[in-house]
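Input: a single structure, listed below in structure tokens.
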Amino acid sequence: MSHLSIDSLRSLSDAHPKPSHLRFQYGTAGFRTLGSTLDSVLFRVGVIAALRSKKLDGLTVGVMVTASHNPEHDNGVKIVDPRGEMLEGSWESHATTLSNAPTTDDFLEAVDALIRTSKIDVSKPARVVYARDTRPSGITLVAALEDGLSALGAEARNAGVTTTPILHYLVKAINTKGTPDSYGDDSEEGYFHKLGTAFKSLVGGRPPLEPLLIDCANGVGALAASSLAEYLGSSLPLVLENTSISTPGVLNHACGADYVKTMQRLPPSLADRLKPGQRACSLDGDADRLMYYYLDERGTFHMLDGDKIAALVAAFIVDLVKSAGLENDIKVGVVQTAYANGASTRYLFERLPVKCVATGVKHLHHAAEHYNIGVYFEANGHGTVLFSQSTQSKLAQYQPSTPAQSTALTHLINLIQLINQTVGDALSDVLLVETVLAHKSYTGEEWDSLYVDLPNRLVKVVVGDRNAFRTENAERRLVSPPGLQAKIDELVRRYDGGRSFVRPSGTEDVVRVYAEAVVRSQADGASSFSLPAYCN
Ligand code: 16G
Ligand code: MG
């Protein structure tokens, strides 16, 4: 560790002691727990992010301080790799190890071990860009992070209060700056300019869109959506609701994408705001998830979730590829998880290849990279579209032979600019959905009628040890506890079109039970079976 100042690392580490009674884990969404317990974790994440950057020859690594859709008192942190993607798996375990070292001495030893085993050249520069959401605890947590970064002498850039997807964008933009693969200007303005310009080209010349109501979950999405509204101007009027980012206690409270998805209902605050037929959507607390919905003429609520978005977008892209005359050269595929509604899987499967993977953005993202154009969405509203490098080059070089081919090609090229390919991005996804609706002249109701959702229920069950639950086949079957899968199979057989699976949550100490059936009461019945006593 000759190039590191051990003394400064030691004294700063002493200032951020690990609470002795807590164990931390870098899970699917990074570290996430009560904000008041995360000080030592943030300090250590600063150190880890700097080491990650050194390991990658000084490429810029991102750090996002957020707990997404969780309650306001929670907070969390995740590290973003240089291409704007999730942290590589092996480093998730390093992060867990380092965050749990009981004392400063143990921590220094763990840092030393990581440097040796990962062969990190500590003389390399470290560059880190970081941001936080609107949670009050974020201010002191960022200060702890900055201590960790300065302990390693990292070049640190504070991106302020912004959304998770904008931070991912910045990481990629910084690392591609001045190269032929430049992702855009490395600033918030660069992001809004890129998305706004692409959107205006895509909907140009079409009838103006009706205003879209956006529930900002009283979070950081309110800031970003209001900037976006300025860039869009009259091309898409936005009506922003739940924008109270400084009122204590209201973040994600009875609003936001997760509320809508889990409760399957309109946020009460929108009850007198939303007119029948009007399109509306909810962002989550860090604006990487999106739920659309509308009220029909009778005032009944209809939800358009991640599966409906995937269906809308995938079908549109397939059509464009065909119209461009490229269907033999560019293969479009979709990635979902077991939570995808069976009706959506069937709809998609009739049109293009569909793959099911384990829950968690990184699994979907990696699977989507195997297609020329990979569309991935979780039912909960997180998703995006990936255009492979070779597909992007193919589109850039392609010579269309008719005006119709040329139009479709231009649309595809604009979509590459419109879509945040680093990670699911609620605002970029809003523009994507609105583009398709404008092109198809669909109302919410027409979009909704692409297929009819099978009734479903998702419940959580507290068990003695969720690690006793192990799954296979993209989480669709249990291999342990022994005998439980057979019991589920037996139950599912009693219901028409029944499907059910049980998996341990990656973010909470529970197992989740999903059930769907053709008839509502049967889906409810299938999800309410009790787990055998030995599971508790
Ligand atoms: C995290 C994941 C999300 C997943 C959810 C499942 C990321 C960035 N986020 O929020 O993709 O759907 O966890 O939670 O990967 P669960 O394991 O508790 O069901
Ligand atoms: Mg989120």
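Cβ coordinates are placed from backbone N, Cα and C, and glycine is handled just like the others.
Predicted automatically and left uncurated, TrEMBL annotations should be read as such.
As the structure is a computational prediction, the values presented were derived from the model and not from experiment.
Record note: TrEMBL gives Asp284, Asp286, Asp288 as Mg(2+)-binding, and the candidate from Ser53, Ser68, Ser500, Ser505 in that site is Ser68. Cα of Asp286 (Mg(2+) binding site) to Cα of Gly506 (substrate binding site): a span of 19 Å. Comparing the Cα of Ser68 (Mg(2+) binding site) with the Cα of every entry in Glu378, Asn380, Pro504, Gly506, Arg512, these being the binding-site residues, the smallest distance points to Asn380.
When the binding-site residues Asp284, Asp286, Asp288, Pro504, Gly506 are checked against ligand 1, Gly506 have a Cβ within less than 6 Å of one of its atoms.
For the substrate site, whose annotated binding residues are Glu378, Ala379, Asn380, Arg503, Pro504, Ser505, Gly506, Thr507, Arg512, the maximal Cα to Cα separation is 17 Å.
When the binding-site residues Ser68, Asn380 are compared by the number of other CB atoms within 10 angstroms of each CB, Asn380 has the fewest. Counted within 10 Å of its Cβ, the other Cβ atoms near Asp288 (Mg(2+) binding site) come to 33, all protein chains included.
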